Amino acid sequence: MATNSTNKIVSIQEDHVLINNLSQRNSNESASSKDFVIYTVDEHTGTIYSSSVILCNTILGSGLLAMPFALSNVGLFLGMFLILFSGFASGFGLYLLGKCAQEIPDRKSSFFSVAEQTYPKAALLFDLAVAIKCFGVSISYLIIFGDLVPQVVTFFTGNDTSFFATRLFWITFGIVGMTPLTFQKRLDSLKYASLVAMFAVLYFVIVVSQYYFFADRIPPPKDDIKYVNFSYAILKNISLFVFAFTCHQNIFSIHNELKDNSFSNINKIIIMSIGFCMCLYQWVANPENAATSYCRIAVAVFVISAYPLQCHPARASINRIVNSFSSVNNHDLIIPEEPNRQENDHSLEVDLSSEEQLSRTSEAVQRPDSSEPAMLQTVYSEATDPQYYIITTAILVFSYLIAVSIKELGLVLSFVGSTGSTSISFILPGILYWKMHEKSPPSIIKNLSIILVIYGIVVMVVSLYVNFTT
C-alpha cells in the first residue's frame, strides 16, 4: 500500500512538472490567448500517394496555364532555368515547414501553431497572409474556368451568343459544382477529386506530346524563338514562376492527416510532388505549342477541382482570426471544485493533504471539458457548425462575386504571386525554421533558411514595384 501511495505522489509530481513546463511555454506574449475548440482527426487516412496527388493538384492549378506566358517573355532557356530554380526553392520551403511540423505534438501543426512557438505576436498575421493568398488563388481558378469552358461550347456549337457560352453561366456552374467539396472538413476527403484532376492533366500531356511529335505543324521561325531575354520582362514575370509552385498552405494538413507522418514520408511527398510538377512544366510550357486549344476542357477540369484545395486552408486561417477576436482571454488553468469522495479514501495510508492542489491541477489537464491554456489546445481548431458554415459560405460568395467582376487574370496572379505566394513559400518557412532552431548549432540548413527569407523579400518588393508601376 505504501508503494502505491508513493507511486501516486511521483505521478502527481510529474504532472506538476508538465504543467509548469507548459505554463512557461505559454508566455504572456502568446498570440493565442483564446480558448479554441479542440479539433481532432478521428482517423488518419492519408497515404504518400494520395497526399502527393493532392499536393500536385494544389501546385498545378492555374500555374500550368501561366507558365507558357511567362516562358514566352523571359526566353526558353532562362525560363527552363527559372522553373528548376523556383521548384527547388519551393521544395526547400516545404522541407523547412515539414521540419517545423515535426516539432508540434499531436498532429496539430499549422502556420499558427508553429508561429505560437516562434513569433507568437505575429501568429495572426501569418494566418492572414495564408488566407489572402488562398482566397486570391481560388478567385483565379474561377476566372480560368469561366474563360475556358465558353470557348469549348462555342467550338462545338458555333454559337458564341448563347447564354451557355457566357462567363457568368460557367463561373456559376463551377461554384455550384464545387460547393459540396468545399464544405469537406478533411483535406484527404478531396483525394478522389484530385485524382480526377490528375487524369485530366495526363490527357493534357498526351495531347501536347501527340501534337509535338505527330501533328502536321509549321515550326516557328528560329528568329522568333527567344532563348534568353534579359530585360524588364524578367522582373515582371518572376512572380508567376513563384506562384506556379506554391502549395505550402496544405503541407501542414497533409502532415496531420498522414497515417505515418514521419519526416521521411513527408520528404517523399515533397520530392514526388515538386519533381513531377517541374518535369510537367518543362514539357508543356513551350510557348509555341498550340495544343492547349484542343484540350481546354481538361484544363478547366483540373483547375476547378483545385478550388476546394484553396478554400480548405483559407477557411482554417479565417476561423483562427475570427476566434482571436471572439474568444475570451484566459491563460490560467481553471481548477475544478473537488468532487465528493466517499469511497476508496480509506485505502490511502499516507496523508495526501499536501497533494490536494496538485491532484486537482492534474485533473484540470486531463479533463476534456476543462478550460485549457492555449498551448495545451490545438490552434488547428475546428469552428462550431454555424461558424464553419458561415465562413465557408462567405468564401464561396465573395470569390464568386469577385470572379464574375474581374476579367484580367494576370492582375490577380501577379498580386497573389508577389505577396501571398512569396510569403508562405519563402519568407515564413525560412524565419519559422530559423527561430524554432535558433539555439541549435550553426548548420547549412539554417544558413540556407536565411537566404530563402532574403530571396522571398527581394522577390516580393520587386514584384510589387513592377505591378504598381505598370
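Here the Cβ of each residue, glycine as well, is placed from N, Cα and C on the backbone.
In TrEMBL, the feature transmembrane segment is placed on 234-254, out of the ranges 234-254, 318-338. TrEMBL lists transmembrane segment at one of the ranges 287-311, 412-436, namely 412-436. Counting C-beta pairs under 8 angstroms (sequence separation of 6 or more), the transmembrane segment (119-144) reaches the transmembrane segment (234-254) with 3 or more such pairs. If you count C-beta pairs under 8 angstroms between the transmembrane segment (234-254) and each of 77-98, 164-183, 195-214, 412-436, 448-468, the highest count goes to 412-436. Ranked by number of Cβ pairs under 8 Å to the transmembrane segment (448-468), the listed stretches 195-214, 388-406, 412-436 are led by 412-436. With a cut-off of 8 Å between Cβ atoms, the residues of this chain six or more beyond the transmembrane segment (164-183) that come close are 142-143, 145-147, 149-150, 153-154, 157, 189-190, 193, 304-305, 307-308, 311-312, 389, 392, 395-396, 399-400, 403-404, 407.
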